[in-house]
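For reference, the structure discussed in these notes is given below.
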Amino acid sequence: MSAYLIKGVSPLGAAPTDLLIRDGVVAEAGSGLSAAGATVVDADGLVALPGLVDLHTHLREPGREDAETVESGSRAAALGGYTAVCAMANTSPVADTAGVVEQVWRLGREAGLVDVQPVGAVTVGLAGERLAELGAMADSAARVRIFSDDGHCVADPRLMRRALEYVKAFDGIIAQHAEEPRLTEGAQMHEGEVSTRLGLTGWPAVAEEAIIARDVLLAEHVGSRLHVCHVSTAGSVEVLRHAKARGVRVTAEVTPHHLLLTDVRAETYDPVYKVNPPLRTDGDVAALRAALADGVIDVIATDHAPHAVEDKECEWAYARPGMLGLETALSIALEVLGPRWDLIAERMSRTPARIAGLESHGVDPAPGAPANLTLVDPAARRVVEPGELASLSRNTPYAGMTLPGRVVATFLRGEATVLDGKAVR
Amino acid sequence: MIRHLLSGADLDAATATRILDTAAEMATVAGREVKKLPALRGRTVVNLFYEDSTRTRISFEAAAKRLSADVINFSAKGSSVAKGESLKDTALTLQAMGADAVVVRHPASGAAHRLAEWVDGSVVNAGDGTHEHPTQALLDAYTMRSRLGRLAGLSVAVVGDVLHSRVARSNVLLLSTLGAKVTLVGPPTLIPVDIAAALAPDTTVCYDLDAVLPTSDVVMMLRVQRERMTDSYFPSAREYARRYGLDGPRMRRLPEHAIVMHPGPMNRGMEITPEVADSPRSTIVEQVANGVSVRMAVLYLLLGGNNA
């Protein structure tokens, strides 16, 4: 195993110190450390964070290896400062059996750049009709704990109730893509002034809020854990605030793009801005930012959704929804939250690790902690250039934008996955 | 002059008026024995139609031919489009063939905008999804101006399925630019949200057709597809016709000078009765004739009428 001596790093923005990483853990912390044989990393001016954990990643393998593979997505994740990602189930075949989740898990181990934790489908084929073998996935080598039909809503209330109840047996959690399907038939973008002007079918905020309201009541009724994927509206925030005040065991995530971009982006008709749920309004963005700061929203999750060029270089209505996110999420968190390192660690590492049950992640870099961490240069600014991203796809909505912060190094169980801002392999 | 015509919002009052004035000159050609001008000789106009629309395609074709342009009709049926060629690849193909203008009709909103990014020539939006149809708005404005002598200050009621209507969006934008006042009328289910903020702040909405008729100079009836009732936009064709259809008694509540318009094709008995459609107030046939003149003006000005 390698050893690294990180010199002069600022853990979560605190006073600079040295960190010695050896045998997969943070072995020592203090000033003036030395260690024979250790690779020295000059971290002057850098901030150390616990390795980021993404609850919501689409790696596309198996099925769409032209858009992303477990390996390319893992590389993108490491470059973004992540040490663990939860791979969504909407692959082809769908990750609705122990066999498929074990395949994804194994591919993640082989790539070795982040821990790839598969998410299992709630229903067979994401069809929303009957439960997939949730227990088999939980008992598999992949040890699945998060189940989601993401991309589709578990719309049937009885099925949702059963899923929430069933996974209690193995401390599972249902991550809901909250989208009332009848209210969003043919929907292309947020329903509002811009959709009216553009003649694109609207995706009303109430279609998200109604499902979240129902699901928090169901979760309360059966005493289960619920996680809400990609919350996008001010009204959803209020529903969640109310539920949390009542003690419902609900957590929620917001994506970087819903914290930064609004529906006016659609005016170009460039489907790089097409995403589900859609980009909303300034008022929604403000509410999401406030909820992220005050804890009503627990987590920033990327919803990294790579798509091949031909699935985006077309008419808006025919394009697939989704955006890249792994390599820009931390920069957008910095843009939105500022250098509030403890809050960033909480929203992007500790809490998502806790929700996903990833015990070796989300631990602050201190002696004895697993050496899953990332080093960030907060002073750097960079222009997002799609061609430079490690993802196989190019559908970033931030092309040409200047964003703060740069990931300089990432360590997974004590081994560098990124050094000098470059993936080690 | 603008390079593309994608939206009613592309036209300021001066440009729109110039198109209407040019259309009036073009209309004189239609009265001649030889209905042809040499203005676009050697230029190529492609009609790229992804939707069946015989009347719009023929109108553009006639307009281009009267200006002596070479016209290529490229329809989605029986072409490479049926084999799954992307809009971008089709655009590059047309580009390689030297299309000076592409007239595009497409079921997806925004398709004309996308196309304009991929071709060097001018793009004319001949209807994109439920978004816009700017030459229809121009020919409607031309028709109003011909009949009523002006556009500024006119009260125009646009009645029906505004939500799905590209004609309505383009009309609201253009008429507002030209100083007319638009009232949108229809069941609340078929009026899109925030329409005034989206298109023109002085636009008003009314759910009661009878209330707006006595003060309207123009009533524009939109086509309402019967399928909409299966989506619960309204309960039945009969109820729709009773509440929002224009029949003889309603027509007689209009001011003496008021006209009735329809972009066609009509659902007789649904949004309009034959008595109204065939009445002297109806401009429906004139609109078709004016369509050719207006499209001649648009092609002429987009393709180098700058020097004219």
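Note: Cβ is positioned from N, Cα and C throughout, glycine not excepted.
What TrEMBL lists as domain 'Aspartate/ornithine carbamoyltransferase carbamoyl-P binding' is B:3-145.
Under the heading carbamoyl phosphate binding site, TrEMBL lists B:ARG55, B:THR56, B:ARG105, B:HIS133, B:GLN136, B:GLY264, B:PRO265. Every protein chain shown contributes to the tally, and the Cβ of B:HIS133 (carbamoyl phosphate binding site) ends up with 27 other Cβ atoms within 10 Å.
In the three-state DSSP scheme, B:ARG223 (L-aspartate binding site) falls into the coil class. For B:ARG223 (L-aspartate binding site), the same-chain residues 6+ apart in sequence whose C-beta sits under 8 angstroms from its C-beta are B:GLY160, B:ASP161, B:SER165, B:HIS262, B:PRO263, B:GLY264, B:PRO265, B:MET266, B:ASN267, B:GLU271. According to TrEMBL, the feature L-aspartate binding site maps to B:LYS83, B:ARG166, B:ARG223.
Look at TrEMBL and you will find B:153-302 tagged as domain 'Aspartate/ornithine carbamoyltransferase Asp/Orn-binding'.
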DSSP-derived structure type at B:THR56 (carbamoyl phosphate binding site), helix or strand or else coil:
helix
Near B:GLN136 (carbamoyl phosphate binding site), how many other Cβ atoms are within 10 Å of its Cβ?
27
Name them in sequence order: residues not among B:ARG55, B:THR56, B:ARG105, B:HIS133, B:GLN136, B:GLY264, B:PRO265 whose Cβ is within 8 Å of the mean position of the Cβ atoms defining the carbamoyl phosphate site.
B:SER53, B:SER59, B:ALA126, B:GLY127, B:VAL167, B:PRO263
Taking each of the binding-site residues B:GLY264, B:PRO265 in turn and counting other Cβ atoms within 10 Å of its Cβ, which one has the fewest?
B:PRO265
Give, as a single whole number between 0 and 100, the mean pLDDT over the domain 'Aspartate/ornithine carbamoyltransferase Asp/Orn-binding' (B:153-302).
96
Which binding-site residues (B:HIS133, B:ARG166, B:ARG223) come close to chain A, taking a Cβ gap under 8 Å as close?
B:ARG166
Would you count the other C-beta atoms found within 10 angstroms of the C-beta of B:THR56 (carbamoyl phosphate binding site) for me?
23
Local backbone state of B:GLY264 (carbamoyl phosphate binding site), from DSSP in three classes:
coil
